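If you check Swiss-Prot, you get these features:
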SIGNAL    1-25  signal peptide
CARBOHYD  Asn79  N-linked glycosylation site
ACT_SITE  Ser166  active site, nucleophile
ACT_SITE  Asp190  active site, charge relay system
DISULFID  Cys245-Cys258  disulfide bond
ACT_SITE  His260  active site, charge relay system
DISULFID  Cys282-Cys293  disulfide bond
DISULFID  Cys296-Cys304  disulfide bond
CARBOHYD  Asn365  N-linked glycosylation site
REGION    374-456  region 'Involved in the recognition of diacyl-phospholipids'
Amino acid sequence: MPPGPWESCFWVGGLILWLSVGSSGDAPPTPQPKCADFQSANLFEGTDLKVQFLLFVPSNPSCGQLVEGSSDLQNSGFNATLGTKLIIHGFRVLGTKPSWIDTFIRTLLRATNANVIAVDWIYGSTGVYFSAVKNVIKLSLEISLFLNKLLVLGVSESSIHIIGVSLGAHVGGMVGQLFGGQLGQITGLDPAGPEYTRASVEERLDAGDALFVEAIHTDTDNLGIRIPVGHVDYFVNGGQDQPGCPTFFYAGYSYLICDHMRAVHLYISALENSCPLMAFPCASYKAFLAGRCLDCFNPFLLSCPRIGLVEQGGVKIEPLPKEVKVYLLTTSSAPYCMHHSLVEFHLKELRNKDTNIEVTFLSSNITSSSKITIPKQQRYGKGIIAHATPQCQINQVKFKFQSSNRVWKKDRTTIIGKFCTALLPVNDREKMVCLPEPVNLQASVTVSCDLKIACV
């Protein structure tokens, strides 16, 4: 029986559809990678180590691909010709995913074209801190085995950059030891202090663990390590009591963790912003604030180190020095950047007692202050003042000669002097900018002067 007209139309239509679509030569759609996430544990089941490696690539920064073996890596978006960033978190009290990790990964992938691998060891880092410490060696071995798989794929040791947070910084150090210190870089974000301050260099992060090791210290009086552990060690705001963090224990968890986690947020901010988080070598924080360390000539030959992805932190000398303490001041919130200026006051006449002068920079309702102390029988004193706006945008400077007024007797002492300032690093004192006229100060009286500095 011949086909009816409707059947003929059906077959003809199907043939046309096949010719226009099925035979067009288009490849089937590329399957999307399966996205994985961090594990979650609790206080009772989080002590046994269980490691996941999650790969994030520039084309899909929000999707973590679970990569365990070589076949997983070959079938993923991993690119052996790019650099590899390995993020290792630290101790997790409650067994939860780090709140900062997603932002960190996305920011890192925006800042650089690289493979980013997050090491999830929630199982093994939860519960009791000392149990997590015991898992460090085993975790380091597992990470080393994983990195060996990358080397088989053609990755070079020097292209691997480990970023370790708190306890994760010492894990990174141990991994670096297993590779003979030939990994490219290790960044320790406030490396953990408990159990590590008195540990040997084989047991903790150390300058010998990679070609370049840096550490950012923000909580040296509590959860962070207080000793230098890298080639360059940034002691931010002296390494403790970060601005904007609670200073009293009644703030609870925030009091415990705010200073410690500031290193993470500083690093993320350094990746996001163009303003430099530049630091200056000095023997101590006190000496830095007193204006005794004005450049980076010793030991960096003028190349001041900076937080972020700049190669070797911007340090260009070889061989690299070790355990160099560098200091910087920050604001209380992102982007945290501060400019540092030297301020000097030269007395016209010597005095038989110390002279304390408060100096304040003003710009667009933003103020920054510092104190200059001139020792008795000395001509001048100096200090460091940090300001969020560029120096050339500061339009006024205020002075207050601080004196010990008594209730029954007002101090009417007057001093005269010359004020000068310069932006750090001060490599040439001829670049100092001085007020054109001497400053007359009476005890406890505020004096304002216009400040004009050209923008370069």
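Heads up, the Cβ atoms here are built off N, Cα and C, so glycines get one too.
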Out of the recorded positions listed (Ser166, His260, Cys282, Cys296), which are within 10 Å of Asp190 (active site, charge relay system), Cα to Cα? Ser166, His260
At the Cα level, what's the spacing in Å between Cys282 (disulfide bond) and Cys258 (disulfide bond), rounded? 26
Average the pLDDT scores across the region 'Involved in the recognition of diacyl-phospholipids' (374-456) and report the rounded value. 89
Here the recorded positions are Ser166, Cys293, Cys304, Asn365, and the Cα closest to that of Cys258 (disulfide bond) is found at Ser166
What is the interatomic distance between the Cα atoms of the residue listed as 'active site, nucleophile' and Cys293 (disulfide bond), given in whole Å? 29
Count of other CB atoms lying within 10 Å of the CB belonging to Cys258 (disulfide bond): 19
Taking every protein chain in this structure into account, which of the recorded positions Asn79, Ser166, Asn365 has the most other Cβ atoms within 10 Å of its Cβ? Ser166
To the nearest whole angstrom, state the Cα distance for the pair Cys293 (disulfide bond) and Cys245 (disulfide bond). 27
Pop the Cα-Cα gap between Cys245 (disulfide bond) and His260 (active site, charge relay system) into the table, whole Å please. 10
